């Protein structure tokens, strides 16, 4: 035993931790998430305020965001794969923060001169401002998607090295940061808007993103310097060849094992076009490149052996049972004020933190795949309370009321608006009437059961999310992490898109109970997919393992060979 190495003092250990790549990633993620949480909370409030306390403009914004990631997720992921890590991180960071700054300045102009803008060209100038706000915010969200894929799905894996336990701890820490910022950031910007104004809130968010962008840029540069492995990445030709192979029919159908089906056949170069091919240099060929990338990315995602696990996570996004603008709007109709909602959001974040802590503990005891099984069962059990809330006293659930009543009311009422209220800004008169006609709430039992189920289910939800995240991190080759995670984001947003469409079609409180039942059904279908994936994976690998080491490895997850 070598005792010649000097033992580090406490101060040196603390200094090493605070200067390590792991801590710098935490700091960068905390700053980025803080800005994102402030912006996501504020933009929903701003759009509701601008459109006369209606959720319609917010739902349209959500629809645009979900549709954009759905269409461009694979292309964004392919761009992440084909470019150097530092360039991708810096570019996405600059685009994201710059768009938020520009959008904040535009909102400041709209809030300051809304009445004057509404009078110009029958309100069309104000309408154009709304379109610009939604469009720029959408670009910021796409850049945020690229940042998330780069840092959380790639850089974290490289920094963790080959240590699965370290990767699980880093994923859990990143998720705890998400939950803490989800509590504190909305509280801060909410207080600024309450004691100041929406104008001041927009200015604060723009200033924050400007300062945060500079600090994050420096932190990512330090992480890159401290982790030499981040500089090495598979070449572009190699990645295209691997993606070409994965676009072929599933190898599992031809009798190959999961390990063989996940690896590219590097000798099959005949299926890849040569660089000198005239077809590759033609204009039409280059214009169709994004479509080929999109198709190849989705087929590659389908050919992954963790396909069902990824799909199960995506199905959890088709839900109204979360603390987003939809659930907040419903809570307001049920008599809950902003103070109560802020406390409920805090409780939800605490529940999410408990889920991340539980993930690390259960994973060590039961293995990664079984952790997802346990987490899914826990989430479904808690969501039974939400189903019960639909039929509990105080529930506005009433199928005799047409779910399209609010849309008809808005379309009919819009014709009677005064001239100055035309355009998207003219929803004030039509959206206030339904809220005034709501009957007084007789019992809080229904809304209490609803939020009790939502908050309790966060423990299983976040533990399950971390499980699927780590399965994707460990079982997708390094040269494909971007495109596979891009398609995973697209799948998530596809189901999120369906959720927004449902709310747009049935926005009245009487139909919310039906949305709750549909949401729980989709969550159940998602976990059924994961249960099938877990049974297939554990059942086949446990019984085929010969040595105790292989058995332990199979219980912990789908330990595919890593690509160096």
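Note: Cβ is positioned from N, Cα and C throughout, glycine not excepted.
Just so you know, TrEMBL annotations never went through curation; they're auto-generated.
Look at TrEMBL and you will find 55-80 (among others) tagged as transmembrane segment.
Annotation comment: TrEMBL describes 92-111 (among others) as transmembrane segment.
For the transmembrane segment (123-143), same-chain residues at least 6 beyond its ends with a Cβ under 8 Å from one of its own Cβ atoms are 39, 43, 46-47, 50, 57, 60-61, 64-65, 68-69, 72, 76, 92-93, 95-97, 99-100, 102-103, 106-107, 109-110, 114, 117, 420-426. Annotation source TrEMBL lists transmembrane segment at 123-143 (among others).
Annotation source TrEMBL lists region 'Disordered' at 234-265.
The compositional bias 'Basic and acidic residues' annotation in TrEMBL covers 235-253.
Residues annotated as compositional bias 'Low complexity' in TrEMBL: 254-264.
Residues or ranges marked as transmembrane segment by TrEMBL: 306-332 (among others). Through the fold, the transmembrane segment (306-332) approaches residues 44, 48, 55, 58-59, 62, 340-341, 344-345, 348, 372, 376, 383, 386, 447, 450-451, 453-454, 457, 461, 464-465, 468, 471-472, 475-476, 488, 491-496, 498-499, 502-503, 509, 512, 515-516, 518-520, 522-523, 525-530, 532-533, 558 of its own chain, all at least 6 residues removed from its boundaries and within a Cβ separation under 8 Å.
A Cβ distance under 8 Å defines the sequence-distant neighbours of the transmembrane segment (338-361), meaning residues of its chain 6+ beyond its ends; these are 168-169, 172, 175-176, 178-180, 182-183, 186-187, 190, 323, 328, 331, 371, 375, 451, 454-456, 458-463, 466-467. Feature annotation from TrEMBL assigns transmembrane segment to 338-361 (among others).
TrEMBL lists 373-392 (among others) with the feature transmembrane segment.
If you look up TrEMBL, you'll see 444-468 (among others) marked as transmembrane segment.
What TrEMBL records for 512-533 (among others) is transmembrane segment.
Here the transmembrane segment (373-392) has Cβ contacts under 8 Å with residues 312, 321, 355, 358-359, 362, 366, 443, 445-450, 452-454, 456-457, 459-461, 463-464, 467, 513, 516-517, 519-520, 523-524, 526-527, 530-531, 534 of the same chain, all six or more residues outside its ends.
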